[in-house]
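Shown next, in structure tokens, is the structure this report addresses.
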Amino acid sequence: MDKLTHINQQGDAHMVDVSDKKITTREATAMAIVSMKQSTLELILSSSNTKGDVLVIARIAGIYAAKKCWDLIPLCHPLMLSKIMVELTPNEKNATIEIKTLVKLDGKTGVEMEALTAASVTALTIYDMCKSVDRFIKIGEIQLLEKKGGKSGHWKLENV
């Protein structure tokens, strides 16, 4: 039977003890998609936003968010991340920006939450920087695409 790892036998929340786990290379990839009006995407791509270059600032916010995940999500471990990558791919046909994040470390616990947090905060930053010109921005499809390493091994979302 499956059980929640962050709940003890008494039903109390706790941070999982990873002290007996082996150090392995762990990697996670996540994504999000930000949909907007065509004119908003055109503003972003022309760097005409009065708040600055949206894609540069969103990428930096995503990197920072991965590093601060443990500060945002109470039961996450503070981790020494070795790689954080945030890719932003505008799709002019669909008026979207696809966000793909990759986080890596050599450690005792996975980095799925860091990759998901990076994707989420990148999307939220795009929203924040563009909300004055587009109230219809939508953030969606936040999901884990792949994870490698650790006891559970390699997992990949099919049809990606």
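Every residue, even glycine, has its Cβ placed from backbone N, Cα and C.
What Swiss-Prot lists as active site is D128, and the listing cites sequence analysis. Sequence annotations record features per position, and here Swiss-Prot assigns substrate binding site to L75, C76, H77, M113, E114.
Among the record's substrate binders, L75, C76, H77, M113, E114, no two C-alpha atoms are more than 12 Å apart, and one pair sits at exactly that spread. Looking at E114, D128, the recorded positions in this record, the fewest other C-beta atoms within 10 angstroms of the C-beta turn up around D128.
Annotation for the binding-site residues L75, C76, M113: lowest Cβ count within 10 Å of the residue's own Cβ, L75. Cα spacing between the residue listed as 'active site' and E114 (substrate binding site): 21 Å, rounded to the nearest whole number. In sequence order, C69, W70, I73, L79, T109 are the residues of the same chain, not among L75, C76, H77, M113, E114, whose CB sits within 8 A of the CB centroid for the substrate site. Around H77 (substrate binding site), the C-beta neighbours below 8 angstroms that are at least 6 residues distant in the chain are M15, V16, V18, W70, T109. In the three-state DSSP scheme, C76 (substrate binding site) is classed as coil.
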